[in-house]
Amino acid sequence: MLIQSSKNFKFFFPCQPPYLFLKIPQISYASTAPELSDDRRYDFFSRVVPPDSFQAQAMVDIIQALNWTYVSTVASEGSYGEKGVEAFTQLSKEAGGICIAQSLKIPHNPKTEDYDKTIQQLLETRNARAIIIFASEEDIRGVLNATKRANEVGHFVWIGSDSWGSKGSPIHQLEDIAVGAVTILPKRSSIEGFDEYFMGLTLENNRRNVWFAEFWEENFDCRLLSGSKREDSSRKCTGQERIGIDSKYEQEGKVQFVIDAVYAMAHALHNMHKDLCPNHPGVCPQMESTDGKTLLKYIRNASFNGSASTSVVFNKNGDAPGRYDLFQFQLTNSSGPEYKVVGQWADTLQLRLEELQWPDGEQEVPISVCSLPCKTGERKKKVKGMPCCWICELCDGYQYQYDETSCRLCAYNMRPNSNRTACQHIPIIKLEWHSPWAVIPVFLAMLGIIATIFVMATFVRYNDTPIVRASGRELSYVLLTGIFLCYIITFLMIAKPDIAVCAFRRIFLGLGMCISYAALLTKTNRIYRIFEQGKQTVTAPRFISPTSQIAITSSLISVQLLGVLVWFAVDPPNTIVDYDEQKTINPMLARGVLKCDITDLQIICSLGYSILLMVTCTIYAIKTRDVPEDFNEAKPIGFTMYTTCIVWLAFIPIFFGTAQSAEKLYIQTTTLTVSMNLSASVALGMLYMPKVYIIIFHPELNVQKRKRSFKAVVTAATMSSRLSQKPSERPNGEAKTELCENPAADPMSEYTP
């Protein structure tokens with residue numbers, strides 16, 4: 001507060017006790033002092049003390065150095081606390097990366113409940129362990145006591161302003177609560193000679209200071225007789241008490257700033273006098289007419305070496321440079337708890353992190369963040385209105401962490417790596433030979449191939465015997481070739497796909513079945529035509545010779561080959577990697593399937609013609625079911641076709657029912673190959689194994705019967721058919737007669753056209 005008189009400038013500086021009243025005599029200049037707000041608690045002289053903004057900036061730098069992003073503030077109600085928190089809040093926003101969890105205010109004349117309420121509110125945001133406190137000594141003690149009552153010793157880490165500094169009174173008997181507190185105090189020096197001067201002051205030699213008597217009573221806890229304001233003390237002051245002897249004394253740290261403030265004014269007035277009143281003693285008329293703004297300009301331009309041998313200058317805002325010592329209250333083994341200098345701040349922070357100690361013996365810097373850092377592979381989902389708070393969300397599925405706040409989907413042929421920081425290629429697989437899905441079909445195919453070769457070798461060895469001739473040697477060899485190809489396709493379906501393998505798959509996938517059923521269809525059609533025409537005439541049907549049968553079979557097979565050639569022309573064979581087939585929910589289990597570019601529909605179309613031949617052959621087998629078993633192979637062919645139809649009826653739902661399965665590659669390949677193996681095995685077993693058995697183990701039955709004409713053969717077959725009818729169904733009421741032919745003979749095999 002600036003006190004003016006007509007002859008003097010008197011200045012009162014509201015420092016901590018002892019209070020100082022300074023007077024600059026013989027300057028009769030009273031009208032030029034700048035108007036300053038009383039709300040600042042100090043006038044323009046006290047701006048040599050670093051302002052709140054510098055303290056706040058030092059605190060912001062400390063918080064950033066300790067990697068804290070989430071803090072709370074506590075302030076005493078009033079200009080000091082509120083202005084300090086306001087400056088800190090503004091600077092933390094400008095610095096970025098610091099969020100205020102709570103900003104609490106302690107009211108004037110607080111009660112114990114007010115301190116307890118403050119602590120309870122701070123505990124609502126437990127992650128904000130760092131507490132910025134701009135408060136009076138009483139409020140600091142109140143907050144620390146409330147922390148102890150709440151049994152939260154060691155939870156909070158305090159960052160105290162210069163009102164805390166390195167004082168012992170705020171933490172007396174609360175040392176365990178204050179351990180780890182980092183405090184700030186303007187850098188100061190003890191002024192030589194001031195202690196001697198101040199300790200020599202008495203009531204007699206310092207009557208000019210009207211507040212000195214009040215200080216005397218407070219310092220010595222006594223009561224002066226005249227005008228005393230202390231009614232609680234019964235001891236009377238003698239006036240003989242001595243400062244530092246009868247009471248504790250320590251030089252106030254802001255003495256240097258008060259002295260520098262006086263010198264700043266003196267330098268400003270001196271410089272103004274030099275400019276406005278050169279060669280003129282005392283105040284000239286130009287100085288008397290100067291307003292306060294001009295004086296303020298000279299004050300801000302003043303620069304000199306201060307009382308502590310540090311330069312005193314003012315910035316554009318009129319503030320002196322901020323210089324602070326940083327303390328931490330630590331527990332030491334030697335001397336007990338004490339404040340230790342851990343750094344300093346002068347525009348920039350110098351903090352010795354290795355010297356810091358923390359509550360409860362923590363070795364690492366305590367964490368004071370709203371949200372912990374997300375793990376690798378997680379993205380930050382910001383909380384609205386709180387940039388320092390977020391929710392960690394895992395980049396799920398086939399996503400990887402692109403940056404801190406976003407995930408991106410990997411390419412279709414890639415998946416995220418184990419920590420989801422990048423994408424990697426999906427492993428490519430194929431059906432392996434050692435897989436159980438391949439072992440069974442291969443085993444069946446090997447048995448089938450051996451059996452087929454054995455049958456074919458037997459037929460070749462006994463090519464001219466009656467049973468081989470009666471089987472229709474030419475079509476038998478064609479049928480055996482088709483059966484052999486049905487077994488061979490198993491190896492092509494399991495082999496590693498390449499262009500050649502894919503081409504052979506297209507060719508042989510339906511060719512083996514086509515050859516087999518074309519031969520069987522030709523046989524059943526021949527039998528059907530012979531016996532149908534035999535009912536009407538004794539003339540032999542056309543195209544029943546071996547050559548004709550081969551020609552008909554070849555024609556049917558050529559349709560399949562023609563379709564394959566068209567397929568080659570329209571869509572040349574190639575390999576693909578199917579990443580959708582085994583793209584599981586868990587990307588670590590995803591696999592790319594190397595296969596030929598043959599779709600399920602194309603497989604069915606390739607087999608469709610063979611299935612058509614199979615169905616047609618089955619129809620002829622049904623039509624020739626009444627032919628006597630002695631006449632050719634109608635009934636074995638019928639049983640073969642019935643069984644084959646059952647096999648393929650089971651194949652279709654299994655094949656298409658597993659289209660969405662993760663094991664599609666294995667199930668469909670195994671189903672297809674097993675179905676073809678079973679079809680071939682049924683034909684081989686029912687049509688050839690009985691003949692081979694007779695050829696090898698009963699050669700006495702493999703003899704030629706007497707030859708008969710086609711007419712005799714048809715007549716015998718017709719009579720046999722009629723004898724099988726009921727008497728009521730026989731024409732003209734014919735009586736049952738016996739056929740004189742030997743039933744063991746095969747009339748068709750004995751017929752020579």
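Keep in mind that glycine also has a Cβ here, set from the backbone N, Cα and C atoms.
Quick look at what TrEMBL annotates:
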DOMAIN    437-711  domain 'G-protein coupled receptors family 3 profile'
TRANSMEM  437-463  transmembrane segment
TRANSMEM  475-495  transmembrane segment
TRANSMEM  507-528  transmembrane segment
TRANSMEM  601-622  transmembrane segment
TRANSMEM  634-656  transmembrane segment
TRANSMEM  676-698  transmembrane segment
REGION    718-753  region 'Disordered'
COMPBIAS  727-739  compositional bias 'Basic and acidic residues'
Give me the stretch from 437-463, 475-495, 601-622 with the greatest number of Cβ pairs under 8 Å to the transmembrane segment (676-698). 437-463
State the mean pLDDT for the domain 'G-protein coupled receptors family 3 profile' (437-711). 84
Given the transmembrane segment (601-622), which of the listed stretches 437-463, 507-528, 634-656 has the most Cβ pairs that are under 8 Å apart from it? 507-528
Outside the transmembrane segment (634-656), at least 6 residues beyond either end, the same-chain residues with a Cβ under 8 Å of its Cβ set are 520, 523-524, 527, 600, 611, 614-615, 617-618, 621-622, 624-625, 627, 667-668, 671-672, 675, 678-679, 682-683, 686-687, 690
